[in-house]
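Notes follow once the structure below has been shown.
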Ligand code: SR1
Ligand code: MG
């Protein structure tokens, strides 16, 4: 019999997750542990284990298929190891912004990590009207530190190439290549949209200029191994409170274009800018501007302090690199806006709007904004240009 990657795998239950937690040197001997499966993502089980004092940990286990679709969509278990290694690697640069990893098991595809249950998933909090004053400072810092330090600007070329090989993640990349960069631009069966948006979706499928730009973005995603990305940095991958931010779930991590992480986060803030009333919108506008400002200024500082390149001080080089990252970020944000509206795996920012007319109007706005981001990205030279465009498309 062929040995498959699931040969020694068995899904955990709330009971077996407790047994596993009890074997770790974490809880006091004999503690009465309780367990609850709290996963609300598309792909994995997440068990929250606590003792009587409230001390807790998280056990996250990959399933051999995509939970969002079902067993008909097999998915590699190797993503658990990728995720744990990415948390550890990114944790070298921003330990305060990622959960600590306590233990891993490759065969059972689980990671035991720090309990973040005192925090809220940022998407849910933002939808409920939270402002998270530290969010853009922290994510700007996370992006600059993780992306600079894993790029050719921060690493010896041997180390960078070794890391890029370690984080080869073809199966998860294929999901992104299909769901973000291909399917929404064609009449593909994975697409998922409301009937009222049929004409809007068809207009996208018939927009040749948009398809050409989507093809360029996809090529960039496929070929530009610039830095170790998180790979799925939407607001559902971030836990937050008023004074803390933690980035979770880097199972899509791989070496890709720096603008992909920046753009995905910005797009998910744009969903909030689109769906909030005027009174709550300014704080999101500030977060969008501040994310880029913090990212670009921290990246520039790291460049000055740590870049070993012979061209480091060549006039215009740093600016050229940042301009490319900016343009890419806007384009990738556009693809994310379109995908989460008419493709597979939506966002509750839009789907959660109860009023039909309002929901469809906001979804159309997301599509318009996404298209404009992709088509006009070369003309947009500052984050204020981007914010003006978002405002003009209201
Ligand atoms: C089949 S996986 C669907 C989506 O969930 C993840 O969060 C990624 O965004 C992926 O594209
Ligand atoms: Mg995820």
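Glycine is no exception: its Cβ is also placed from the backbone N, Cα and C atoms.
All TrEMBL annotations are machine predictions without curation.
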TrEMBL records 60, 114, 115, 116, 249, 250, 251 as ATP-binding residues. Which of 44, 268 is assigned to the same site?
44
Position of peak Cβ density within 10 Å, selected from the binding-site residues 115, 232
232
Any of the binding-site residues 60, 232, 249 with a C-beta atom under 6 A from ligand 2? Give them in order, or none.
232, 249
Between any two of 44, 60, 114, 115, 116, 249, 250, 251, the residues recorded as binding ATP, what is the biggest Cα to Cα distance in Å?
18
Rounded to the nearest Å - Cα separation of residue 44 (ATP binding site) and residue 232 (substrate binding site)
14
Which of the listed binding-site residues (60, 116, 251) has the least company, meaning the fewest other Cβ atoms within 10 Å of its Cβ?
116
If I take the alpha carbons of residue 249 (ATP binding site) and residue 339 (substrate binding site), what is the distance between them in whole Å?
20
Which of 114, 249 (the binding-site residues) has the most other Cβ atoms within 10 Å?
249
